[in-house]
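OK, TrEMBL features for this one:
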| type | residues | note |
| --- | --- | --- |
| DOMAIN | 4-328 | domain 'FAD/NAD(P)-binding' |
| DISULFID | Cys42-Cys47 | disulfide bond |
| BINDING | Lys51, Gly115, Thr144, Gly145, Ser146, Asp313, Met319, Leu320, Ala321, His322 | FAD binding site |
| BINDING | Gly181, Gly182, Gly183, Val184, Ile185, Gly186, Leu187, Glu188, Glu204, Gly272 | NAD(+) binding site |
| DOMAIN | 347-455 | domain 'Pyridine nucleotide-disulphide oxidoreductase dimerisation' |
| ACT_SITE | His445 | active site, proton acceptor |
Amino acid sequence: MNTYDVAVIGSGPGGYVAAIRCAQLGLKTAIIEKYSTLGGTCLNVGCIPSKALLDSSHHYYDATKHFATHGINVEGLAVNFDQMIARKNEVVAQTSGGINYLMDKNNIDLLQGVGSFKDDTHIIITKEDGSSEEIEATKTIIATGSKPSTLPFIEVDKKRVITSTEALSLTEIPKHLIVIGGGVIGLELGSVYSRLGSQVSVIEYMPTITPGMDAMLSKELQKSLKKQGIKFFTGHKVTSVVNNGDEVIVTADNKKGVPTEFKGDYTLISVGRSPYTVGLGLENVGIKVTDRGQIETNEHLQTNVSNIYAIGDVVKGAMLAHKAEEEGTMVAELIAGQKPHIDYNLIPGVVYTWPEVACVGKTEEQLKEAGANYKSGIFAMRALGRARASMDIDGQIKVLADAETDEILGVHMIGARAADMIAEAVIAMEFRASSEDIARSSHAHPTYTEAFKEACLAVNDRAIHS
Ligand code: FAD
């Protein structure tokens, strides 16, 4: 029987990063993955394929809506959807292959099959052909991720009533895509198909889309996406989804409780994701899970069985690839005897629509609720030379800072390239910068990042360009 210092179950961004960091720290490491491709949800049916389709559809949308104004005439412009999906598949294959390379390079043993605990130091790996292998591991890191959730009365047939996984591999562009859930995944995939010509209706139970984000972001994003043609039905409670073969009928009660009917050819269920622990054999080791199905951990991501850790989507916190990665690194370093730390307040959140949305730290609503003494500065993208040069004038940046110390407490951005720009705010907050620190740092002109500097200047009422 092979023995390891560390076994990692699951090869998503949490698992593969944990495995690499363990190997870098000199620990003999194995990674167990039930699928034949590595990379988990993120690489195969999440971050990467969705961004590939967002990028392709963005090019098409730009060509149809903006090229003529730029003085570029395009004739015979059309979508080759098969090619778009094929390119997405190629990007996924290349990225996943890259993880195999990294496992090899770091001398990590790759064990393909479903990993299941026999006891706290033994794992049985069952392969697709039914054969199995047992290994011994001093420590184990569970990184088994999550799966799409649904509502109890909805049957996901994966043909017409679909999850994000199917939405990334459709064979045709929907005529009318009904999106149930106005969160990040629903809005990103809704954007893809809206740009490609689908009618898109987003039904959201809460009064705003992207619930939990700063209200300014939700409002501005909804305004921008509405301009692009997406229809929003917030405050609507879906009560039934009937699949008639080629047509799906969704019924939702509006704000006054009146039922409204939506008819479409596809319905995307994007109401969140649930932690995935099926087949892990947690019961054989007595690992506790919460009533939401998440593996319970302490602040060191250690389960109630002290040599077994859990990270990523399968534990509490934001279901984000970069949060899983940070946790993978932290656990590997803890196992190696180091003292790492994660500041969960500084994990950024991003929506890759256009304009992009990105945020870090506290929302204005959270600060108000906590009775914090804060000041804020807002800068509109349309006042920026760079934004006008590229005709990306939608959006704004809001900076929230402590009223006395001026320390930045939260940054909320909507605009072109916000996903990349948020990194500056994360770094600033990691170093506990004041808004004055950013306001006094030179930002290249003309760039979108000047909007962050201007918003910091605005915190103290001295923005230059507004
Ligand atoms: P996962 O990536 O889910 O990986 C878990 C792995 O464990 C899987 O490969 C699974 O097969 C394997 N596994 C499970 N059980 C076993 C077992 N018993 N034995 C062996 N293997 C097992 N996040 C972002 O940060 N940015 C984005 O842009 C983004 N976009 C997204 C778009 C979509 C459409 C979706 C669905 C998600 C997106 N996410 C995004 C979320 C991101 O994908 C997840 O947060 C991330 O993948 C979580 O990583 P993980 O390592 O915890 O688990």
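A Cβ is built for glycine as well, from the same backbone N, Cα and C atoms used for every other residue.
TrEMBL entries are annotated by machine, without manual review.
Set these features in their place in the structure for me.
Classification of Cys47 (disulfide bond) by DSSP places it within a helix.
Lys51 (FAD binding site) counts 15 other C-beta atoms within 10 Å of its own C-beta, drawing on all protein chains shown.
Other Cβ atoms within 10 Å of the Cβ of Gly183 (NAD(+) binding site) number 21 in total over all chains.
Averaged over the domain 'Pyridine nucleotide-disulphide oxidoreductase dimerisation' (347-455), the predicted model reaches a pLDDT of 98.
Taking the Cβ of His445 (active site, proton acceptor) as centre and 10 Å as the limit, one finds 11 other Cβ atoms among all the protein chains shown.
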Could you give me the DSSP helix, strand and coil counts for the domain 'Pyridine nucleotide-disulphide oxidoreductase dimerisation' (347-455)?
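The breakdown for the domain 'Pyridine nucleotide-disulphide oxidoreductase dimerisation' (347-455) reads 38 helix, 33 strand, 38 coil.
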What binding-site residues among Thr144, Gly181, Gly183, Leu187, Met319 have a C-beta sitting less than 6 Å from any atom of ligand 1?
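The qualifying binding-site residues are Thr144, Met319.
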Specify the nearest of the recorded positions Gly181, Ile185, His445 to Ala321 (FAD binding site), where nearness means the distance between Cα atoms.
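Among Gly181, Ile185, His445, Ile185.
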Could you measure the widest C-alpha to C-alpha distance across Gly181, Gly182, Gly183, Val184, Ile185, Gly186, Leu187, Glu188, Glu204, Gly272, the residues recorded as binding NAD(+), and give it to a whole number of angstrom?
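Among the residues the record ties to NAD(+), max Cα distance equals 14 Å.
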Could you give the maximum C-alpha to C-alpha distance in Å for the residues Lys51, Gly115, Thr144, Gly145, Ser146, Asp313, Met319, Leu320, Ala321, His322 that bind FAD per the record?
30
In whole Å, how far is Met319 (FAD binding site) from Glu204 (NAD(+) binding site) when you measure between their Cα atoms?
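If we compare the Cα positions of Glu204 (NAD(+) binding site) and Met319 (FAD binding site), the gap is 19 Å.
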I need the neighbours of the NAD(+) site defined by Gly181, Gly182, Gly183, Val184, Ile185, Gly186, Leu187, Glu188, Glu204, Gly272. Which other residues of that chain put their C-beta within 8 angstroms of the C-beta centroid, in sequence order?
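Checked against the 8 Å cutoff, the neighbours are Val179, Gly190, Val202, Ile209, Thr210, Ser270.
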